[in-house]
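Q: Below you will find the structure I want to go over with you.
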Amino acid sequence: MTTIHSRQMLQEHVSMEFSSSTTHVQTFSQTTKIVGEEVVRRKSSSIVEFFSLVTRSSNIPAGDSVPEFVEKPQPVTAPEGDKAVFRARVQGNAKPHISWKRESGIPIKESAKIFYDSINKEHVLKLEPLTSDDSDNYKCIASNDHADAIYTVSLLVTEGQEKMDFKKMLKKRAPPAPKKKQKKVANEKEMLEILSKVPKKDFEKVCMEYGFTDFRGLLRKLKEMKKKVEVEAIRILKPLEDKETKVDTTVVFDCIMELKDPNVKMIWIKGTEPLRIQYSLGKYDVKQMGTKYMLVISNVNMNDAGIYSLSVGDKRMSAELTVLDEPLKFLGEMKPVKVTERQTAVFEIRLSKKEPNFVWKFNGKELKRDDKYEITVSEDGLTHTLKIKDARLSDSGEFSAEAGNLVQKAQLTVDRIPIKFVSNLKNVRVKERSRACLECELTSKDVTLRWKKDGQLLMHGTKYSMNHEGKRAELIIEDAQLSDGGEYTVVAMQDGDPTEYYSTAIVTVEERLATVKSGMSDVHAATGSPAELCVVLNDEKVEGVWLKDGKEITDLPGMQIVKQGAVHKLIFPSMGPEHEGKYTFRAKGTESEASVFIADPPTIDPSVLEALAAHAITVKVGHTAHIKVPFRGKPLPKVTWYKDGMEVTEEERVSMERGEDQALLTISNCVREDSGLILLKLKNDHGSATATLHLSVLEPPGFASQPQVTDVTKEAVTITWNAPTQDGGAPVLGYIVERRKKGSNLWVPVNKDPIQGTKCTVDGLLEDTEYEFRVIAVNKAGPGQPSVPSSSVVAKDPVKPPGLVQDLHVSDSSNSSISLAWREPAEGDPPSGYILEMRAEDTKEWSKCTKIPISGTCYTVGGLIERQKYFFRIRAVNEAGVGEPVELDKGVRAMPPPGLTTT
């Protein structure tokens, strides 16, 4: 077990010590009070930080560690009644266990709270409320399998403010202290003993109290006395010794000392510089085992050579470290390497020491790390490895490792990858006169191929086709005969490889016998039309012959024999009576028979088709449509009627009949929806024919829009309207205009023949008579519904708007009214009234003086403000509109006569 302590006492100053463990500070302060002839220690307070590490094992597994304080507890000074909180964060592997204790051995009081703050990841000791009994040094102990880390801090509980105030009060009320007598000591030695027990700041005061005036002499002797004591406190039993070691080793400087003060300051030094041990990343480590003190230097290199010293108090020991430099050499030989193509070749060599100028070469050319070459060095820098990836034949050659002036060489041999058949030739069985195909796939495309049959080399020609694309190879045998059966072999070779690789398969050629896959059917063809007989065999290589009525066809008038693979045809370009009969197709092992007959497909006379296409069949709503189409054809064709693409079926209003020479479709009680495209389709086994026509079911048009009156005189009225939105299936031929007197139910036609266009002038009217008008649209189906009647209108000449009012003047005035007068306009039609308007002097807005026009030629405007100036204007009005305004020349003030005041 190893125990490492670190403590430092600061009385007059604070110093820092760097070591491999931690930095620790302990501060002490003392106050003394002199009473009578004795020096009495009345009050003592201290701030303490102390760390110790107790290890259980010197060998700690990789990945494990001793406990370490990431955040250390801090000393606390607090008054009575307050609280004290100590916090610590610890790390280590295995995970440390945390406990808290008092250094005095007294148990921590029950009211204390010890817990783990999971948010801040802190271990906490909380004491509340504080009493003087809580003053002590508190230990935070972090323990795991490897060590105990103990951090000790102080808690100083001071007196509360109330007690201090009470003491001051008592001090003020106490009687005056008696005059102190001068203290006496026997000699200077006794005085030095007294001074050694008091703080330096009180030295002069104590000397005066004891009657010593040589203060500086006493202080010098006191320092010499302390130095002597300190020197005797360090006893070196074994000094540091010189060391000699090799590179990459670990060396230990050690000495044995007896220290009366275990807290004496120690510093390890290299040359003249102190070692910063905690920042050395494990390079330096300081250990203590009892009285033995050690400096451990790891991974020694040439730069570590030099003088190492240990300073303890005022003593210093030194020793020299000599690092031996070994000669560079290869630890072993490079061995030749043999690999197969695409494998990775590896060369490896180990040196006796690190060499920065190490290179790999291939055939004398230096290699650099890239996708082809992977160059690595071991962690200790001694083993060098070269990997040649995806080795090829071109990589064969001499590889060398050069370290300084040393060279090692070795040969790399790359063998070809043996050829393998990914898929071998497979036995093939084919029919006579067909194509046979042998194929295989190899692992490489860079090969030379030869084909053999029964051991004989085959040559490329019309019989044999030899193809080689990539890794696939095939042999094709065209028009295979029975003699082409046998054993076939493909032989593969590659450059640099004398081995022949081969694959073999058997080809079997079977005699070809045909069967009918699709036989002939009887043919019915119209005179002059083309026809054909067709047989499909199961084998396109088989030939055959045609027979008519049992005799082979040799002379072919009007016939053609065609073979398309397995399809055999006998074609008749133009059927005639001579072609009727029984036909047979005969092939090796099979035959097929069929008969040929003359037949006429249905036809419709072209003139009928033209007439149906040119003229639609028209029928009025509610009437019956009869659609009759003549045709010719045998046997009688199937008759199908279609309307707008949909097949027509018989129902209550629809019936269909088929005669020997005509087809009839009857639609009764027609409606507008029956209009559309009618298609007749005739079909029998020999052909088909179609006829297309249009059925138009008409109804009278819809009503036109309400007529609008556009011009009126005492003798005539002009009206306009819009065409109906529904024309009833036929264009509107014109319009009938009707009129009636207002209040009468009798409508009188204005025109005999339909009017073209949508405008009409109705004349012959009675002056001052009120009329209404309506319009009726007409098409092939007749007149439609009448429109909504127009607005009523009186037959008279139009009225003109009145002209300008004459002689507008003021006839009288008062404080609240102004009277005006005028004469009728000289131009335009007579007015039905007048609009008089006014505005005050301070506004530009005109306002009417009356809600309705004034009927006379004078008017008094009341409700005016006294002496306010007003402006007036007047306009004549009748049923034709409002005339232009006439304004009074000047403003008028609301005030009484004498005289009309105008300004």
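Yeah, the Cβs are placed from backbone N, Cα and C, and that goes for glycine too.
For reference, Swiss-Prot lists these features for the protein:
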DOMAIN    67-158  domain 'Ig-like 1'
DOMAIN    232-322  domain 'Ig-like 2'
DOMAIN    418-508  domain 'Ig-like 3'
DOMAIN    606-696  domain 'Ig-like 4'
DOMAIN    703-798  domain 'Fibronectin type-III 1'
DOMAIN    804-898  domain 'Fibronectin type-III 2'
Q: If you average per-residue pLDDT over the domain 'Fibronectin type-III 1' (703-798), what number do you get?
A: 89
Q: Would you list the DSSP helix, strand and coil counts for the residues of the domain 'Ig-like 4' (606-696)?
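A: Reading the DSSP string over the domain 'Ig-like 4' (606-696) gives 12 helix, 51 strand, 28 coil.
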Q: Determine how many residues of the domain 'Fibronectin type-III 2' (804-898) DSSP places in helix, in strand and in coil.
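A: Per DSSP, the residues of the domain 'Fibronectin type-III 2' (804-898) fall into 0 helix, 45 strand, 50 coil.
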Q: Would you mind splitting the domain 'Ig-like 2' (232-322) into helix, strand and coil residue counts from DSSP?
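A: Tallying H, G and I as helix, E and B as strand, the rest coil: 7 helix, 52 strand, 32 coil.
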